[in-house]
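K.L.:
For 106-203, the entry in TrEMBL reads coiled coil. Look at TrEMBL and you will find 336-350 tagged as compositional bias 'Pro residues'. According to TrEMBL, the feature domain 'REM-1' maps to 390-467. According to TrEMBL, the feature domain 'SH3' maps to 521-582. The region 'Disordered' annotation in TrEMBL covers 293-313, 326-356, 476-504.
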Amino acid sequence: MDWGTELWDQYDILDKHTQSGLDLVEKYVKFVKERTEIEQNYAKQLRNLTKKYSPKRGSKEEQECRFSNHQAFLDVLNEMNDYAGQRELIAENMMINICIELTKYLQDLKQERKMHLLDAKKAQQSLEGTYKQLDNSKKRFEREWREAEKATQNADKTDQDLNATKADVEKAKQQAHMRTHIAEECKNDYAAQLQKYNKEQNQFYFTDMPLIFNNLQDMDERRIKKMAQGYIQFSDTERQVMPIIGKCLEGITRAGTNVNERNDSVVLIEQHKSGFERPGDLEFEDYSQGINRASSDSSLGTPKGPLELLGKNKNKTFRLFNKKSKLPSSSLSPFSTPPTPSPANGPPSPKFGRDPLSYCLKEINKTVKPRISSFRTLKRTPVDTEGFTHLPPEQRRKRLQQKIDDISKELQKEMDQSEALGKMKDVYEKNPQMGDPTSLAPQIAQTAQNMERLRGDLNKYESWLAEAGGRGDSIRYSTHSLNNNGAHNPSSPGALSDDTDPSHDIYTEFDDDFEVEELAAPIGQCTALYNFPGSSEGTISMQEGEVLSVVEEDKGDGWTRVRRNNGDEGYIPTSYATITLNK
């Protein structure tokens, strides 16, 4: 069945149907194009997401990638980045294989359809022109035939009239004969035009228009087939990248299975193990016998207590102010003002005196200057970074071993180069035309000098490693060997001497004195009324309803010092909690 036979009289229907088919192609192209935009935006958002959570170069997060769980998260980000690349590939292939190709094909179809409709219009106009000629000849024949009949009747009437002359009769007969002849010619012309029209009409309905309709049918079927291919291509484009997407998902699964919690704990131990033994028991100081107690201000090597070694007071901040100062510290900058929290429906912000800067300067004058003057006579030598004596024993042994390995590799390279230069010199001596042996003397001398230097460095680091002891050895942590920073006492290398600038590392001296601080007994309790982030140094965060111990009450500056059960201390706004003091 074809359109030319079955739909020979449905020109308007075929015109609308073919146009709707072209509209469908254009609609599908727009659909795929919007799909590609969605894929591109999705891929862009994925890339931005992975970039947002990827560690910055040299950041703390990048250094923590040695742990398997951190490395696994980095692998997940990498796989998601590759996944985003596959989504971009889907969008690109859809744009090239569907949108661009169908758009070009649509233009060809429009041109072909326009040509077929133009042929049909020409055939219709030709048939209409022939029919118009037929109608004109028919009307002329009808008119002339009536005139001929009228002329014949007039001639008969004149012939029967007795009063008419012979000339009148002859003239009437000639007129009737002429009209009859003209009518016969119009009749023959009408017959010819009718035959011509019937022939053209038969050609139009049985040959020309069926051929045009069949061409339109063939065009529409090719369009439908192309659309089917476009539908299949829509799914095949995504199916082609599914194996790679599957590999990305497998990579994420593999990253999760590669996490080793036990190994992460071992890595943390190896990274931060100090090698010190736990501190021994303190000796009893009998003041009744006149034994003077050693002052913490004049003993820089006094070890920290168990709480400090275990890191339970790690959150305690370094303070330039004494315990009676209510100013939360911010690193070594005493001029930072306390935060001004403003929760929803919360109380007014705590006030920090009349003049924060004057308050800070007054506290510095009262607290810091006396302590600086007490350390005027103490001088510290620069840290011995070459021998790594500033590090704990375990870390020092690791760094020394690493340095020995690096020097050994450099020494092996120099030895290989020396051997190569020696062979080249022998070749030059046997074959002078290849080169001058004396030209290699500077390089040989430089290599020998480098080897001698590296051997000296190797011996030096090996001796330091021997002094540091084996990997399983431990060093007694005492006041006569190392202080809490890992530096030697005055009888060891890198100890305090009189040759160093008095201002050098003066804050390191403060750290030994200020950080060791006994826990004050609580004087009451408080219950948090609002959430407080505690984002500034010296403050402590709290949640609504949390109960904390009060260490120091508000002295009028709007801050109260509190402590949690785990030992964390800090300042909170007084107006953010209900405080009950012990009686």
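Using the three backbone atoms N, Cα and C, a Cβ is placed for every residue, glycine included.
Those TrEMBL annotations? Automatic predictions, nothing curated.
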K.L.:
Average pLDDT across the coiled coil (106-203)?
P.N.:
89
K.L.:
According to DSSP, how is the domain 'SH3' (521-582) divided among helix, strand and coil residues?
P.N.:
3 helix, 29 strand, 30 coil
K.L.:
Let's see if you can do this one: DSSP helix, strand and coil counts over the domain 'REM-1' (390-467), in that order.
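P.N.:
Across the domain 'REM-1' (390-467), DSSP assigns the residues as follows: 72 helix, 0 strand, 6 coil.
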